[in-house]
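Features as listed in TrEMBL:
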type	residues	note
SIGNAL	1-20	signal peptide
DOMAIN	53-154	domain 'SRCR'
DISULFID	CYS79-CYS143	disulfide bond
DISULFID	CYS92-CYS153	disulfide bond
DISULFID	CYS123-CYS133	disulfide bond
DOMAIN	183-295	domain 'SRCR'
DISULFID	CYS260-CYS270	disulfide bond
DOMAIN	319-420	domain 'SRCR'
DISULFID	CYS388-CYS398	disulfide bond
DOMAIN	430-539	domain 'SRCR'
DISULFID	CYS506-CYS516	disulfide bond
Amino acid sequence: MLALWSLSFILLCVWRFSYAQYEHLGYFPGYQDPAQDLYTAPELSKDVPRIQLRLAGEKRKHNEGRVEVFYEGEWGTVCDDDFTIHAAHVVCRELGYFEAVSWAPSSKYGKGEGRIWFDNVHCKGTEKSLAQCESNGIGVSDCKHTEDVGVVCSDKRIPGFKFVNTLTNNVNSLNIQVEDVRIRPILSSYRKRIPVTEGYVEVKDGGKWKQICDDDWTYMNSRVICGMFGFPGDKRYNTRVYKMFARRRKPTFWDYSINCTGNEAHLSSCKLGHTLAIKANSTCEQGTPVVISCVPGRAFAPTPMAGYRKAFRQEQPLVRLRGGAVFGEGRVEVLKNGEWGTICDDNWNLMAATVVCRELGFGSAKEALSGGQLGQGMGPVHMNEVQCSGFEKSVTECPFNMDKDSEGCSHEEDAGVRCNVPAMGFQQRLRLSGGRNPFEGRVEVLMERNGSLVWGTVCGEGWGTMEAMVVCRQLGLGFASHAFQETWNWPGAVNADSVVMSGVRCAGTEMSLSHCLNHGEYLSCPRGGGRFAAGVSCSETAPDLVLNPQVVEQTTYLEDRPMFMLQCAYEENCLGSTSSSTPANSYRRLLRFSSQIHNNGQSDFRPKASRETWVWHDCHRHYHSMEVFTHYDLLSNNGTKVAEGHKASFCLEDSECDEGIEKRYECANFGEQGITVGCWDTYRHDIDCQWVDITDVKPGDYIFQIVINPNYEVAESDYTNNIVKCRCRYDGHRIWMYNCHIGGSFSAEAEDTFPGLINNQVTHR
């Protein structure tokens with residue numbers, strides 16, 4: 001009995017490990033469960049017209065598009081008159097998706113061609129086919145193609161769904177509907193590699209995994225398969241070895257060939273080829289099973305799990321992603337004339353998004369985002385109406401509207417992408433336990449101890465926002481909203497109370513908590529785990545503070561202020577070190593300026609400290625909600641600090657907002673503090689501590705630097721834009737500020753003119 005239990009446990013572990021490869025595609029865990037009930041095709045009465053459906057047009061995801069109907073040998077569309085979400089559910093389920101998310105009228109996905117097969121469709125939502133819904137009658141319509149309807153289906157597919165071809169003479173016109181797809185490693189040298197990059201391409205059909213005959217296999221098919229699994233391209237492999245393997249083990253072939261154009265985001269968007277001639281011994285007539293060998297991006301180089309220690313760093317000089325919660329997603333920014341800018345979402349589609357994804361070392365795009373969904377960028381809008389074929393090496397090679405790079409476009413229309421990334425299995429080595437919902441809990445990690453894998457806690461000592469951000473990213477839960485050094489309210493799993501990781505320090509770019517610096521096997525955690533273990537709460541969105549560099553440049557001036565007027569500032573340590581010995585009637589020289597701090601993110605910026613813990617400052621007669629909100633530093637040209645200042649969050653409030661956005665935060669009368677999305681907080685040059693004391697600074701050329709949220713007390717979607725840098729010249733009487741810009745907004749060559757500073761990065765603690 002014990003042996004049987006051990007075998008079952010081993011099989012379960014193997015199953016969980018293999019499932020990691022496909023989990024990111026959004027399939028139900030039941031897909032891998034051999035005991036699951038198989039899908040049974042709906043039986044339709046003889047009077048119901050036999051139709052087939054597909055999603056077409058200018059897609060932004062593989063599971064959305066214009067609804068097209070195949071009937072009597074011709075593809076046509078559906079009119080949006082009287083169309084509802086119930087009809088959308090029927091369409092999506094008929095295509096094998098779990099449900100509809102939404103639907104779109106007025107040819108959102110472009111105008112179709114041919115007949116408009118359905119008009120004034122009335123569905124209850126329980127029909128098995130769109131043809132069962134009430135309508136004017138198939139082919140009876142008074143609509144134009146400007147009224148073609150589209151749908152957005154769920155990512156999740158119906159477990160066990162099987163494509164049923166009711167139009168046998170037109171199989172080459174139909175989209176593929178399969179339950180699942182995988183790359184199954186065959187050679188022993190590839191079985192232990194993560195990610196899986198080489199092996200048989202297999203589809204799950206009728207609850208069974210089947211190989212595909214390579215008779216009609218093309219490079220375009222390989223490109224689509226590699227792209228959907230997160231790889232930018234494919235390469236040659238040793239065909240002789242696989243032919244030998246196929247002779248030894250009889251394959252089970254799928255009935256169809258595949259015909260992809262190379263631009264599909266998923267195999268399910270490809271067309272079926274002809275029905276294959278399958279011999280009695282289940283081998284294909286001329287060939288062997290399809291084998292694919294994909295090339296991963298540099299960040300995902302295959303390596304055994306135990307030895308994987310590579311943090312992700314983008315090394316692309318022309319294109320980058322910003323503001324995304326997980327790897328492979330973000331706002332698209334391009335470098336043009338030495339300055340980083342954004343792309344307008346006019347005509348932005350999956351083909352252009354896929355070009356971006358592949359050039360950055362990911363697979364094809366699974367979603368093309370519009371409307372600044374991942375936060376608004378700064379600087380110019382470099383490209384508009386981008387039109388890619390899908391095969392360019394860089395999005396900068398795609399044609400776009402040269403006459404109006406940014407005309408009519410604002411950062412509210414910034415384009416973004418979500419890319420397919422390789423399944424690394426990191427989610428299986430981390431979990432949140434004891435929380436009220438899946439987005440919070442005590443952090444528990446799976447670590448090897450004494451030759452076996454055990455679950456345990458992370459020491460809460462030193463645990464902070466950057467570490468919490470890595471945890472939320474690893475679990476696919478977005479951004480960290482809070483990091484907890486004690487988890488009294490989250491008991492977690494009793495058998496996981498022991499500390500298995502301590503001394504964790506993350507830079508914030510890591511894909512997994514195990515990639516962060518830590519004590520390794522030599523644990524050090526004085527208070528122990530359990531209630532003193534690390535915890536997190538995650539959020540799908542985060543704020544993004546950006547300081548306006550032009551305001552700093554335009555408002556800078558010098559003021560000589562007598563010491564007797566600086567008592568409050570002295571108490572708050574806003575003056576230079578020699579101020580303690582300065583007589584009351586002498587002066588301090590202050591470099592004064594205004595700072596205008598915008599929230600360009602997706603959620604409001606709120607102080608970390610709860611309201612009841614804010615500190616009342618009697619001298620200034622207001623509450624401070626953050627101990628340090630900004631750092632002000634004057635640096636020599638080699639990066640040495642010559643003077644410094646800092647700003648507590650005197651009061652975080654909405655000074656002004658973009659048109660149509662209402663202010664939510666106001667400090668008066670102990671009001672709520674924060675900065676609303678689309679609003680900004682202005683610290684005027686004439687308030688206390690809004691300066692740097694340069695009394696002891698000699699005349700010369702300097703670099704002035706401002707860092708917002710320097711201690712990472714509050715999570716943001718992008719920390720790289722928290723720095724503003726300026727050139728500064730001081731002649732002993734006057735001061736000039738010029739070349740003010742957000743850190744990382746210029747090319748690396750331009751940033752080299754600011755020596756001694758870390759480029760595009762906020763230094764960590």
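Cβ coordinates are placed from backbone N, Cα and C, and glycine is handled just like the others.
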**Request:** Check the Cα-Cα distances from CYS92 (disulfide bond) to the disulfide-bonded residues CYS123, CYS398, CYS506, CYS516 and tell me which is shortest.
**Result:** CYS123
**Fill in**
DSSP composition of the domain 'SRCR' (319-420), residue counts helix/strand/coil, works out to 19 helix, 31 strand, 52 coil
**Request:** Please tell me which one of the disulfide-bonded residues listed here (CYS123, CYS153, CYS260, CYS270, CYS516) sits closest to CYS79 (disulfide bond), measuring Cα to Cα?
**Result:** CYS123
**Prompt:** Looking at Cβ-Cβ distances, which residues of the chain lie under 8 angstroms from CYS153 (disulfide bond) while being 6 or more apart from it?
**Reply:** LEU55, ASN63, GLU64, VAL91, CYS92, LEU95, TYR97, PHE98, GLU99, ALA100, VAL101
**Request:** Identify, in sequence order, the residues in the chain of CYS516 (disulfide bond) that are 6 or more apart from it along the sequence and have a CB within less than 8 Å of its CB; answer 'none' if there are none.
**Result:** GLU467, VAL470, VAL504, ARG505, CYS506, ALA507, GLU510
**Request:** Work out how many Å separate CYS123 (disulfide bond) and CYS388 (disulfide bond) at their Cα atoms, rounded off.
**Result:** 38
**Asked** Along the domain 'SRCR' (319-420), what average pLDDT does this model show?
**Response** 88
**Item:** Closest of CYS133, CYS388, CYS398 to CYS143 (disulfide bond), Cα positions, disulfide-bonded residues only
**Value:** CYS133
**Message:** Neighbour count, 10 Å Cβ-Cβ cut-off, for CYS123 (disulfide bond): what number do you get?
**Reply:** 21
**Fill in**
Residues near CYS260 (disulfide bond) by Cβ (under 8 Å) yet at least 6 apart in sequence within the same chain, in sequence order, are THR218, MET220, ASN221, ARG223, VAL224, LEU267, CYS270, LYS271
**Item:** Lowest local Cβ density (other Cβ within 10 Å) among disulfide-bonded residues: CYS79, CYS92, CYS270
**Value:** CYS270
**Request:** Just name the most isolated of the disulfide-bonded residues CYS133, CYS388, going by other Cβ atoms within 10 Å of its Cβ.
**Result:** CYS133
**Asked** Around CYS143 (disulfide bond), how many other C-beta atoms are within 10 angstroms of its C-beta?
**Response** 18
**Request:** Could you give me the DSSP helix, strand and coil counts for the domain 'SRCR' (53-154)?
**Result:** 16 helix, 35 strand, 51 coil
**Message:** I'm trying to understand the geometry here, so how far is the Cα atom of CYS133 (disulfide bond) from the Cα atom of CYS388 (disulfide bond), in Å to the nearest whole number?
**Reply:** 38
**Request:** Could you break down the residues of the domain 'SRCR' (430-539) into DSSP helix, strand and coil, giving a count for each?
**Result:** 19 helix, 40 strand, 51 coil
**Asked** Considering the disulfide-bonded residues CYS398, CYS506, which residue's Cβ sits among the greatest number of other Cβ atoms within 10 Å?
**Response** CYS506
